[in-house]
Amino acid sequence: MSDYKQTLNLPATSFAMKGNMANREPNMLKYWAAKDLYGKIREAKKGKKSFILHDGPPYANGNIHLGHAVNKILKDIIVKSKNLSDFNSPFVPGWDCHGLPIELMVEKKVGKPGHKISASDFRQKCREYAAKQVNGQREDFKRLGIFADWEKPYLTMDFGTEANIIRSLGKIAENGHLHQGFKPVHWCTDCGSSLAEAEVEYKDKQSPAIDVKFTISDESVADKFSHPEGHKGEGEIGAVIWTTTPWTLPANRAIAVNAEVEYTLVQCEQAGEKQRLIIASDLVTTCMDRFGFDKYHALGFCKGSELELVQCQHPFYDFTVPVVLGEHVTTDSGTGCVHTAPGHGVEDFVVGKLYDLEVANPVGANGVYLEDTPLLAGQHVFKANASVVELLKEKGALVHHHALDHSYPHCWRHKTPLIFRATPQWFISMDKKGLRQDSLNEIEKTQWIPDWGQRRIESMVEGRPDWCISRQRTWGVPMALFIHQDSGALHPRSIELIEEVALLVEKSGIQAWFDLEAIELIGDDAKEYIKVPDTLDVWFDSGTTHESVIKARDEFDGIADLYLEGSDQHRGWFMSSMISSVAMNGAAPYKQVLTHGFVVDAKGHKMSKSLGNVITPKEITNNLGADILRLWTASVNYTQEITAGDEIFKRQADAYRRIRNTSRFLLSNLTGFEPANHMVAVEDMVALDRWVIDKAARLQEEIINAYDEYEFHVVVHKLMNFCTNELGGFYLDIIKDRQYTAKSDSNARRSCQTAMYLIAEAMTAWMAPILSFTAQEIWEALPLPVSGERDEFVFTGVWFDGLMKQESKQDESTESSDELGNEYWTELLTVRGEVNRALEQARKDKSVGKALEAQVTLFATADLAAKLAKLGDELRFVLITSKATIETVTSAPENALETEVEGLWLTVAPAEGIKCERCWHVTTDIGESEKHPTLCGRCITNIDGEGETRQFA
């Protein structure tokens, strides 16, 4: 064999078999940065149609986790695929830099502002901390192969962005959506601040559930219930409420009933004492069972509307409260009579406004009753629950008491229960100017992917309260407003003043506002107007980036095409962006919204340090490389929960090896191939080569379409299938003989090299958005194209167009002339699969060794036999056997193997003849040449003659 080795076209390439990407990628990143690859892409796409994917800013605190990695990789895949589709798709990464988590981290180091450190210095420390966090996260994102304007990201703490956030507030105020209100909001006693809807999470909590009697002294109330003459009953009359927040009873100012609900006056007995209780008719049985009352009967019935303004005695304070009507009252649970504390509940507040009820607010920002709260002063509200229960027992007002496990709002940061607390706050009104309906209209115009996202955000917008945008924090964008110190009215020049403040902030940052004396801006008006001390909700910061970033930066043109974040952002960034954009501009800030699920472990559990199941992006990139992490991200259906685990990543590494090995095979067989000199015209190509190019062309259309539809798992699936089935399992296997043994410059060899070159060019672009490092590595190993020039980077170009030309020519020359087209070769692929199974069985039976030591006979029906016969003697090359014979199905022996191909039976036998030393085919013509006694005639022609001719395979 050694004598003839030099006559073979053996593969050779510098493209390594082992990726070793964990070590290779960092050097590639350094080179890309030195070459300003992102800038080169921008230059190449200048003037092209724009596609804007706006980056939702992660919070600048802590290391990135797998969820961050998934999010940024998905965005990167989209941006890279859009650039390859010849869009100008810049990507500007952002960070959310203000807010409580950063304050808390800084407090741990320097103390609270106003104590050991001034508010001004505290803000500077927050700015420095956020900058450090941004730098750390930026390096982590770069390591993932994310292409972005890393040198000029947007930060919500950039002076220019802070100024534009203030301008956004001005625009919303100018459009009439801003108002000040005294209203119950979710309040975290640990934060000492109100929370946005998106900052509230619901967790199970055990609370004291109590039924409380509010005594009614007016005996005539019994007459409102239709009872027989003389049967008014006996004992004290009382309306019974049910609540799980006993601590709110000091703020009770009414009992709400539903006007349309029927109520019963129930005669009952408790501890030998007769009493008459008012309860919704539908709940009487349930309530009596809960109270443990055996003896009871109905005295009479009336509608809730009959009870309006009946006065009830507060259970432990010396005043009465009215019965009011509220549509929010139902008979789903409780008693049908609802405890109403306007300072501690949104529905209570709304009803309270209708009846001009006092908005009692006896609870301080720290969750402790104020000093003037009778009986409970100085107690924390949650600890006071027990005190309230004891008070009710003393007063004889406690009807029943038990512990209840239920879902309750908690702070997403502290994981502690929240309270509703009425405070003076600034709101964006959802209804005053029709913002709710306008937002719903814009939601309908937007494309939501998956489509259930639309209904989700619609229901949230339909039910959400006014957006409380004020916070009582130190590190945040100020609400640059002046209000009258007595009336609270906004300064008449508020819109102009906001712009003046914005100009100052643009130069010096938010500290400019806090340093500003009112007199400097409003002159003598400072005697009557004061600065609003509040800062803006951080969701306002990020929610207005469509204005403060997209409209402010030169590389963006128009509104964003796409927002892409986790599914929790329907109630977060997607909603805050929609509401603020509609409030400012009357239109949605995006055309499409795409969501991904959360990352969970292999068992479906959320990743957490306490469970010990956390996998960090750094672990994966250090061990396997970023391309494996990127492949995993692309291969899953990211619209659902995304499963991660060591075994899962190992499987991705196996899949990666398949793609890499296929690419290496293509490259290693292009040694010495110069497209400018060696490309074979499509009409001169071997039929099988024409087919595989056509297959690749069709596949490219499907892959580009999958990228356009954001279905990256489809891209990976199709790429893997192509590498495994059409290439690895069929085409590349078949052409090895021709590639290695044919005359080096023969049409037979150059034809398959042409096909491999075109496929390699196309495949490199297909994988570039996902396997970015590997694609560039392949790109650098490809031969120069026909033009003789190649862009330095695959990312500055477009999808390969050589396949499309091949496909169009084949359509004309092949399909229409009844040659061997896609359908034919697809059927041959199936036949070959059956032959392979038969050969495998023969190997197990030890009747043959390797496939080339076998001859196969195909017993086929007339139609199938005619198709197979089209290949003539070249059928054996497709089946990779030394001989292939076609016989009629009627001549099949009894031991012929029936296949899954209709009308096909097979027999396998040892091939007759001697094994050729060069090509390893077993033939009967070996020894006929004195010069090459160990070679077959075909190999002799390929060495000394003009070379064999291949027409089909």
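Sequential numbering from 1, following the chain as shown.
Cβ atoms here come from the backbone N, Cα and C positions, even for glycine.
It should be emphasised that the depicted structure is a prediction, and the values quoted were computed from it without experimental measurement.
Feature annotations, reproduced from Swiss-Prot:
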- 58-68: motif ''HIGH' region' (MOTIF)
- E565: L-isoleucyl-5'-AMP binding site (BINDING)
- 606-610: motif ''KMSKS' region' (MOTIF)
- K609: ATP binding site (BINDING)
- C916, C919, C936, C939: Zn(2+) binding site (BINDING)
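Features as recorded by Swiss-Prot, highlighted on the structure.
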residue	record	Cβ neighbours (10 Å)
E565	L-isoleucyl-5'-AMP binding site	20
K609	ATP binding site	7
C916	Zn(2+) binding site	24
C919	Zn(2+) binding site	21
C936	Zn(2+) binding site	28
C939	Zn(2+) binding site	27
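Ranked by Cα separation from K609 (ATP binding site), the binding-site residues E565, C919, C936 are led by E565. For E565 (L-isoleucyl-5'-AMP binding site) paired with C936 (Zn(2+) binding site), the C-alpha to C-alpha distance reads 64 Å. Outside the motif ''KMSKS' region' (606-610), and at least 6 residues removed from its termini, the chain residues within Cβ reach (under 8 Å) are 65-66, 598-600, 644.
C939 (Zn(2+) binding site) falls within a helix when secondary structure is assigned with DSSP.
Residues C916, C919, C936, C939 make up the record's Zn(2+) site, and a Cβ search at 8 Å around their centroid adds T741, E917, R918, W920, H921, T923, I926, L935, G937, R938, I940 from the same chain. DSSP assigns E565 (L-isoleucyl-5'-AMP binding site) to a strand segment in the three-state reduction.
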